[in-house]
Amino acid sequence: MNPTPGSERGRAVAVPLVVPADTPGGWLARSLLAPFRLTYLLALTFAGLVALAGGPLLLAHHLMDRTHNSPSDHLHVYFGLLVTMVPCLVWGLSWASGGRGRAAGAVLTLPGLMSLASALLYHGDTPGGNHGLVLFAPFMVVVGVFGARWVASEQRRVVGRWSGTPVRDPYRRLPDSGSQPRWVRSRAAALGWVTDPALWRDVAWALVSGVVMVLGLGLLVLSPWLFDQLGPNGEFAKPAVLYGLALMMSPALVLWGAPVVLDLHARAAHALLGPSRQGELVARVQHLSETRAETIDHNAAELRRIERDLHDGAQARLVALGMALNAAEQLFETDPGAARALVTEAKVTSAKALVELRDLVRGIHPPVLADRGLVDAVQALALDLPLQVQVSGELDARPPQAVESAAYFAVNELLANTVKHAQARRAWIEIGHTDAGPNENVLRIVVADDGRGEADPTRGSGLRGIERRLASFDGVLAVSSPVGGPTIASLEIPCASPSPKTSSSSATA
Amino acid sequence: MRVAIAEDLFLLRDGLTRLLQAHGIEVTAAVESGEELLQALRADRPDVAVVDVRLPPSFTDEGLRAALTARQELPGLPVLVLSQYVEQLYARELLADGSGGVGYLLKDRVLDGTQFIDAVHRVAAGGTAMDPEVIGRLLTHNAAAGPVATLTPREREVLALMAEGRSNAAIAQQLVITERAVAKHTASIFVRLDLQPSDDDNRRVLAVLAFLNQDA
C-alpha cells in the first residue's frame, strides 16, 4: 500500500469560483468565471472604500447640508439600493470562493455601507441626528480599519487561489511572551497590531484601489458625455451610435477585458499586499534568532546529557573495573579463588561499559547513517521496531550531514510515537527529493501508520520538539491524524546544496 | 584450520591473531583494509575470513562490502564479520544468499575466547554464528504479531539460541536441559512456524533465520 493518496486529505474541496489550472478545458471555464471574479473584486473594493470613507463621507454630507430638491435626488434610491446589496454580494461571493468562516468578515464593512445608504435614502438625514453622528463617525472609522484589513486579506486569499501563487501574510508575528500576565500580553498584542505597518498599508490599499475603481467606472459611464463634450461630434461619429455599438459589444468586451483586469489586479496585489522587503527581513531575522537560540539550547542540553551519561555510565564502570583488577592483583597470592571471582566481575563490568558506550554512540550519530546514508539508516531503524514497517524511496545524492541527521532523528521520534501511542500494526515510510527550483532541493519524508490517529502537535511535546528542530533548517512538519487514523506525518527540509556522496571522517570502527 | 584477518586497529588485530594461534589455528594473513583482504583471499583461500565492518580508507562499511564481494567471487567462502555494533540490516545482507557459512558478532564476544573460537569453527564448517543482540532484536520485530507470538517463553529461548546458530547439544548445555527436551521444543517450534523439519543443523538454522527475516 502506498501512503501518498492519503496525503491529499486536508486539501480544500474545489468550489464554484475556483477552477484548477490543469483541468482540461480549464481556460474556457476560467474565461467564463472571470466576469464573476471581477464582480467580486469590484464589490470588495467598493465595500472597502465605503467602510473606510463612510464616516467622513457622512460628516461631509451633513455639513454640506444639501437641498432636498437637488437634481440628482432620484439617483439616491438606486444608489442606496446598490450600496445595501454590496455586503450581501461580498458575503455570498466570499462564501462561494471558499471563504467559508472568513466570509463573516464581510460584516465589518456593513456599518459604513448601511449608514451611507440610509443617509442617501433619507436625503442627507444621518442616523441619530447631529449628536449621533458625532459619536457614530469615529466608531465607523475604527470598524472601517478592521474592514479594510479584512478586504485586503480577502483579496490576498482570492488572488492567491486564482493565480496559483499565494500572496503571503505581511503581518508582524508577535514575539512569544508567555510568562507575562494576561493584560500585559493583550496590551502588547493590541499595540503591536496597531503599529504594524502592514495594517496601514492595507488601509492605503483599500482607499487607493477604491478611488481608482470609482474614477475608472465613472470614466466608463461618463465616456459618451465626455465624448460628446470633447470629441469631434461629426456626422459619421455620433456619440449615440458609438455608445449603442459599445453596448452591443459589451459582453465580448467584458469577456476579453475581465481576465486582463484580473491579471493587472493580481500583479498589483502581489506587489503591494504581500510582505514588504523590510517586513520579510524583519520576520526572517526574528525566525533566525528564535531558531538559533533553540538550536543552541538543544545542543547544550545534548552535550550535558552525553556528559552525564558518560559520567554515570562508562566512566563509573571503568573506575569499578580498575578497582576490581587492583583488588584481584593483591589477592592472587593469598586467595586465588576470590581473585578469579573479581576478574570475572571485571569482565562483566567491561561488557556493560561497552554496551553503554554503544547506546550512547547510537544516540549521537547512528553508525548506519554514517556508513550508508539516510534510506538505509531508516531501514535499519524500522527493522528494530516491533511492527511491520515498509521503507521505500531513494535519494540520488546524500543531503548535507546535518540535514541527514535531523531527518533521521525526526523519523526516529515519529516512529517512537507510533509504537508508543498509535496501536498501529503497520507503518510506511517514503523518502524522496522534491525539486522546488533550480538550486532548491527539498528532502521529503512521509511517515504513515494504520493506528488510531489523534496525534496532536499542539499537545505532544515530541511533535513540537521535532517541529522546532526542523525549523532551524527551515524545515516543516505537517501531521494529519483524524480520530480513528490513519496518521500521516510529512516532513520537508530544504537542502541548499546536495553534496555528492561523501565519506565520514571518523577514524575507528 | 587457516584464517585470514582484516582489522584496522593494531591492538585488536594482534590480539585476534594471538587468540587464534593459541587455539591452534593458522593465521594466513592479517591485513588492515578491505582491498588488501580481497587480494589475500584471492591469493590464498583460507577456511574462514574474520573481517571488521569498519575499515579504511572510507571508514564506513568497507569490511562488510569486501566480505560480500569475497563471497560472490569465491562462493561458499565462510565469513565471520565483527563489529562494534550490530545491525539487522547488515545481518540480512550477509544471510541474503541463503548458503550459510556466515557469522556476524559484536567485538565484545571476542572477550570470551572459547565462545569466539567455537563460533569460528562453526562458521568454517558452513554453519552460522549470529550475535544474540541481532537475534534479540529480530525476535522483538516479530514478537508483536504472527506465529512467533504464540510460542511459549521456553520455546522462544530455544528459538533464539537456534537462530544464533547453536546445535541441539549446545542449546541443551546452555539451558541446562536434556538434548531430548530440546528436540521436543524444536519440533514444536517448527510446527508452530509451519517450517519443514530437517535433521541438518545448518539447514534448520537457515530456515529459521529466513522465516524471521521475511516481511510479513
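Every residue, even glycine, has its Cβ placed from backbone N, Cα and C.
As a summary of secondary structure, the domain 'Response regulatory' (B:2-122) carries 58 helix, 26 strand, 37 coil according to DSSP. Annotation source TrEMBL lists domain 'Response regulatory' at B:2-122.
What TrEMBL lists as domain 'HTH luxR-type' is B:144-214.
Feature annotation from TrEMBL assigns 4-aspartylphosphate to B:Asp52. Of all Cβ atoms in the protein chains displayed, 28 besides its own lie within 10 Å of the Cβ of B:Asp52 (4-aspartylphosphate).
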Along the domain 'Response regulatory' (B:2-122), what average pLDDT does this model show?
91
Helix, strand, coil residue numbers for the domain 'HTH luxR-type' (B:144-214) per DSSP?
51 helix, 0 strand, 20 coil
